[in-house]
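Have a look at the structure below, then the notes.
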Amino acid sequence: MIYSLLLSALPLLSSAALTYRGADISSLLIEEDAGISYKNLNGETQALEDILVNNGVNSIRQRVWVDPSDGSYDLDYNLKLAKRVQAAGMSIYLDLHLSDTWADPSDQTTPTGWSTTDIDTLTWQLYNYTLDVCNTFAENDIDIEIVSIGNEISSGLLWPLGKTSNYDNIAKLLHSGAWGVKDSNQATTPKIMIHLDNGWDWEEQEYFYKTVLATGSLLSTDFDLMGVSYYPFYSSEATLSALQTSLTNMQSNYDKSVVVVETNWPVSCPDPEYSFPSDLSSIPFSAAGQEEFLEKLAEVVEGVTDGLGIYYWEPAWVDNAALGSSCADNLMVDIDTDEVLESVTVFEDL
């Protein structure tokens with residue numbers, strides 16, 4: 001009797017708890033064009049998307065730029081990538097930067113040809129853009145799971161009209177962008193996300209949402225998910241404990257599901273610019289450390305009501321191993337051999 005009970009419990013114990021066990025592989029096509037061929041844990045050349053899905057990844061995040069000068073990350077680029085992702089059996093999460101280049105808290109440049117002087121014109125342009133992106137994916141028989149209206153928009157989006165000096169404009173833009181997604185021809189309406197940086201900082205999250213929702217121009221029903229970036233190497237205050245508090249408060253105050261949409265852990269960090277958070281200081285800078293970090297992070301996300309998932313940011317961008325940080329290497333791929341590290345298997349257990 002006891003033996004049979006244990007057997008019946010095994011599937012529950014081994015099943016993954018997170019809805020989204022994800023990775024952002026936006027630079028895959030660029031890396032392949034540069035001659036990089038990824039190898040699985042057996043040292044065999046294999047498509048990166050197949051390596052990832054075989055190790056438990058079930059969702060891929062892709063950044064989308066509007067009109068980049070060289071075509072990198074534009075709509076056509078993302079269609080090519082998404083077709084491969086969908087064929088591999090993973091869901092697709094589009095991270096709309098709403099710019100021709102990088103958008104983050106330090107820079108939210110409005111795309112070329114979009115209005116920088118009239119908010120009504122800009123909201124209409126944004127609506128038509130999100131509508132067109134989703135419809136183009138639908139025309140290509142590609143389903144979208146999540147759409148983020150902007151990337152790390154704690155300082156606003158589509159500057160100058162969408163700066164935090166005018167939260168009503170921010171609210172109007174988010175409302176308009178969301179409805180472009182809702183009005184699209186996607187077979188199932190994608191989940192709509194708002195994404196902020198510093199997910200561990202509850203005060204930052206609270207101020208943004210409280211202020212933008214107070215305008216009345218953005219409705220709680222306009223979006224489904226709250227996404228956050230969580231990088232442990234930019235502040236000693238970015239503890240797992242602080243993240244847990246922040247995510248818990250976000251969910252309970254706004255009744256939205258929460259997702260950590262960007263995170264990393266280094267395999268090499270000889271000279272970090274900032275001290276690492278105290279509750280992460282024992283984790284080594286190694287592939288084993290990546291596994292330990294993601295397991296601990298998953299425990300935090302799973303412990304939050306409606307905590308849905310984690311996306312590892314650019315684990316295979318071999319030509320940019322530091323990933324913008326002061327750590328030398330945050331990848332899950334060996335930069336000398338292009339073979340994935342053992343840490344990639346952690347997704348099976350998240």
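We number each residue from 1, going along the chain as drawn.
Cβ coordinates are placed from backbone N, Cα and C, and glycine is handled just like the others.
These features come from Swiss-Prot:
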ACT_SITE  Glu152  active site, proton donor
ACT_SITE  Glu262  active site, nucleophile
CARBOHYD  Asn128  N-linked glycosylation site
SIGNAL    1-16  signal peptide
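Annotated features taken from Swiss-Prot, shown on the structure.
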residue	record	CB count, 10 Å
Asn128	N-linked glycosylation site	12
Glu152	active site, proton donor	24
Glu262	active site, nucleophile	24
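The distance from the Cα of Glu262 (active site, nucleophile) to the Cα of Glu152 (active site, proton donor) comes to 10 Å.
Separating the Cα atoms of the residue listed as 'N-linked glycosylation site' and Glu152 (active site, proton donor) is a whole-number distance of 21 Å.
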